[in-house]
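Dropping the structure in here first, questions after.
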Amino acid sequence: MTLHNNNTTSPLFPNISSSWIHGPSDTGLPPGTVTHFGSYNISRAAGNLSSPNGTTSDPLGGHTIWQVVFIAFLTGVLALVTIIGNILVIVAFKVNKQLKTVNNYFLLSLACADLIIGVISMNLFTTYIIMNRWALGNLACDLWLSIDYVASNASVMNLLVISFDRYFSITRPLTYRAKRTTKRAGVMIGLAWVISFILWAPAILFWQYFVGKRTVPPGECFIQFLSEPTITFGTAIAAFYMPVTIMTILYWRIYKETEKRTKELAGLQASGTEAEAENFVHPTGSSRSCSSYELQQQSMKRSARRKYGRCHFWFTTKSWKPSAEQMDQDHSSSDSWNNNDAAASLENSASSDEEDIGSETRAIYSIVLKLPGHSTILNSTKLPSSDNLQVPEEELGSVGLERKPSKLQTQQSMDDGGSFQKSFSKLPIQLESAVDTAKASDVNSSVGKTTATLPLSFKEATLAKRFALKTRSQITKRKRMSLIKEKKAAQTLSAILLAFIITWTPYNIMVLVNTFCDSCIPKTYWNLGYWLCYINSTVNPVCYALCNKTFRNTFKMLLLCQCDKRKRRKQQYQQRQSVIFHKRVPEQAL
């Protein structure tokens, strides 16, 4: 966590401890500076008065008993809140299945790092502050520093992973979310911890063996290779300022992309309102064309182009039997729709939620309904216009009629004159599915092929358009809900990032200042800045609760000991469902 050496544990109230030290004041000396007065060794870092054999003259480190009680109480409460808060996060993730999402796996890893800091780092550093010396030996010192730095660096790495995950989820929703699985999240979390361990643990534990001696004085505890301010400055840049810069840039990009999607959604809702007025079917048999509607984000950028989209609504395929062949026939048309023709297509987009399923599949079922109009022969200059739906004569049976699928492809392009071309298939009835990736062979048919017609009432056409408008609102609602989820995740990230910057920046600013001015930072500020970094582990669970309603409700349930009630309600519900099922089985058997 801390990027400077840990030997800045002078008394929290230096004016009190100065009464124990006789001679010139050591105020303003850089961390780790040692001054000698006669037979005494006064360490500016440890702030204790000791004889050459290492015995300490002041057991309270220069503090009064009330100061010790105040420091112990304040830091003890912070450590307890940190431990309880992060344990709540871990237990909530365990008991509530709604929290077992990919994004929350990263928060779980962050909570584990914060829990380690609350259990080990906070308490040992408090002891170090109160006693003004390290009394647990060299091995315990190195182990504490290793755990402290690995857990703190893992927190930074987890924040980086969360930032990149949010960024790719918003900017690359189709490609990234298909690969966004819990297994991949576990790999990323493991890499964050492994990298943190490799960077700090070996150097802290074995540096004294690399250089051949231990230069940390007895009674002090700090990282040996960070005793030089220049090295400390380099580690501060690499381990704090660079990650913070990257996370800030990513969050800014996330914010801009979210705002962009909000504007696009507002435009989509506005186009849906206009479509209700545009899609009025006249009793004479003619109708206006479907208003422009585009689901894909890329098409939204082409605001200068006129778009003739499709109206979408849900459709079931129980009564439809797809054929093995799909007949295509491309024909061009004039720059406008025929007044007697209108098309309504059905589309079912089944996409998995980004937090529940790692991949997305899309099933598209389409059917074109022709409104009553003049029956004409399809040619290269006019759109197909008919009073009835057209079905190949070969597909008509003697006993009953069975609708078969055909493929409809509409392609439109704009030239400089504002005209466009469309390609239509000969058959207006269409059923295509993209769930299975199998590709049916396309067989071209001639223009003069004989067709039969099925009557289509005005009521059916009106019903189709009504479903299309309803589904438009459903798709808009689904997009709005997805955007709300993205905003909530971005809010959680912003809260965590803001807390991280606020709590870590003061100490790292002092590190930079100390590199150029080793007498500008008072001793007390070092201790406060060091402890402020620890407080970040206390604040993180609060950020989860404030920004995530599910976390907040689960925390409340755990604190009020309502887990058993929740389990009992679930068991009672399952029992009721089982009773209902058993009651229905005999009825079905009869």
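Backbone N, Cα and C define each Cβ position, glycine as well.
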Looking at N15, N153, N548, which is the one Swiss-Prot tags with N-linked glycosylation site?
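Swiss-Prot annotates N-linked glycosylation site at N15; the rest carry no such entry.
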Which of C221, C290 is the other half of the disulfide bond that Swiss-Prot records for C141?
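That would be C221, the partner Swiss-Prot lists for C141.
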Could you tell me whether Swiss-Prot assigns P173 and E257 to the same side of the membrane?
yes
Which residue from N48, N444 is recorded in Swiss-Prot as N-linked glycosylation site?
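Looking at Swiss-Prot, the N-linked glycosylation site feature maps to N48.
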Going by Swiss-Prot alone, which of N6, N379 is annotated as N-linked glycosylation site?
N6
Looking at N7, N536, which one is marked N-linked glycosylation site in Swiss-Prot?
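The candidate carrying the N-linked glycosylation site note in Swiss-Prot is N7.
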Which sequence positions outside the transmembrane segment (230-252), separated from its termini by at least 6 residues, show Cβ-Cβ distances below 8 Å to it?
3-5, 153, 156, 159-160, 163-164, 166-167, 490, 493-494, 497, 500-501, 504, 508, 511-512, 514-515
By a 10 A CB contact count over all chains shown, which of the disulfide-bonded residues listed here is most packed: C141, C221?
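Per the Cβ count, the most surrounded site is C221.
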Short question: which residues 6 or more past the ends of the transmembrane segment (143-164) have a Cβ under 8 Å from it?
1-2, 6, 103, 106-107, 109-110, 113-114, 116-117, 120-121, 124, 136, 188-189, 192-193, 195-197, 199-201, 204-205, 221-223, 239-240, 243, 246-247, 250-251, 493, 496-497, 500, 533, 536-537
Count the Cβ pairs between the transmembrane segment (528-547) and the transmembrane segment (68-91) that lie under 8 angstroms and are 6 or more residues apart in sequence, then report whether there are at least 3.
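Per Cβ check, the transmembrane segment (528-547) touches the transmembrane segment (68-91).
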Over the topological domain 'Cytoplasmic' (253-492), work out the mean pLDDT and round it to an integer.
48
Just give the helix, strand and coil counts over the topological domain 'Cytoplasmic' (165-184), going by DSSP.
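Counts, helix then strand then coil: 15 helix, 0 strand, 5 coil.
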In which DSSP state, out of helix, strand and coil, do we find C141 (disulfide bond)?
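In three-state terms, C141 (disulfide bond) counts as helix.
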